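Presented below is the structure to which this report refers.
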Amino acid sequence: MRAGTLWRVLALWLLSVAAWGQEDDDHADDYTQKLFTVSISGTRVVLTCPVEAEGGDIHWERDEKSLPNTKKELDLTDFSEMEHSGYYSCYVGTKNKENEHILYLKARVCEACMEVDLTTVASIVVADVCVTLGLLLLVYYWSKNRKAKCKPVTRGAGAGGRPRGQNKERPPPVPNPDYEPIRKGQRDLYSGLNQRGI
């Protein structure tokens, strides 16, 4: 199959999928226009019925019990999760399955709550990371400068416990006659070690 033909088939397929998806969206628009609107502010919850009242009152029910409100909005002040949670329904005229809209509501509210948007949360996180990195660099440079000002400590060497480097405080030890090196001109008992002829 040639590349030009492949592109034409792909374009035709994409157009048919887009047209098919648009038909489904037309039916979805009818459904999405009939959704409840829920507004929460502090301890106040307001439900808005998706039905338009054409000359009639809107009836509200909670868990199959009628509520006294006949307006489009149901205002629940001092909302309590235990008392006010449940199935809410609204309808115009007589109740039947075609004109009844049902919503299950379970909300948590508080008086002193504060809503924080995404930019505020992101700026708090960025500021926290910057402060942490600043403190890390401060401690690093402080410890580096402190280490440079300190005198080097001499540590004891292996078996003798003598310092490894030249010690300026005491002179080198006096040579012990038991361990003096063998003189070149003198021929002693051990002066010929490791000098075997091979």
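Using N, Cα and C of the backbone, Cβ positions are placed for all residues, glycine too.
Recorded disulfide link (Swiss-Prot): Cys90 to Cys49, out of the candidates Cys49, Cys130.
Less than 8 angstroms from the CB of Cys90 (disulfide bond) sit Leu47, Cys49, Pro50, Val51, Ile58, His59, Trp60, Glu61, Leu74, Glu100, His101, each of them six or more residues away in the same chain. Looking only at other Cβ atoms within 10 Å, the busiest spot among the recorded positions Cys49, Tyr179 turns out to be Cys49. Remark: secondary structure over the domain 'Ig-like' (28-106) totals 9 helix, 34 strand, 36 coil, with classes taken from DSSP.
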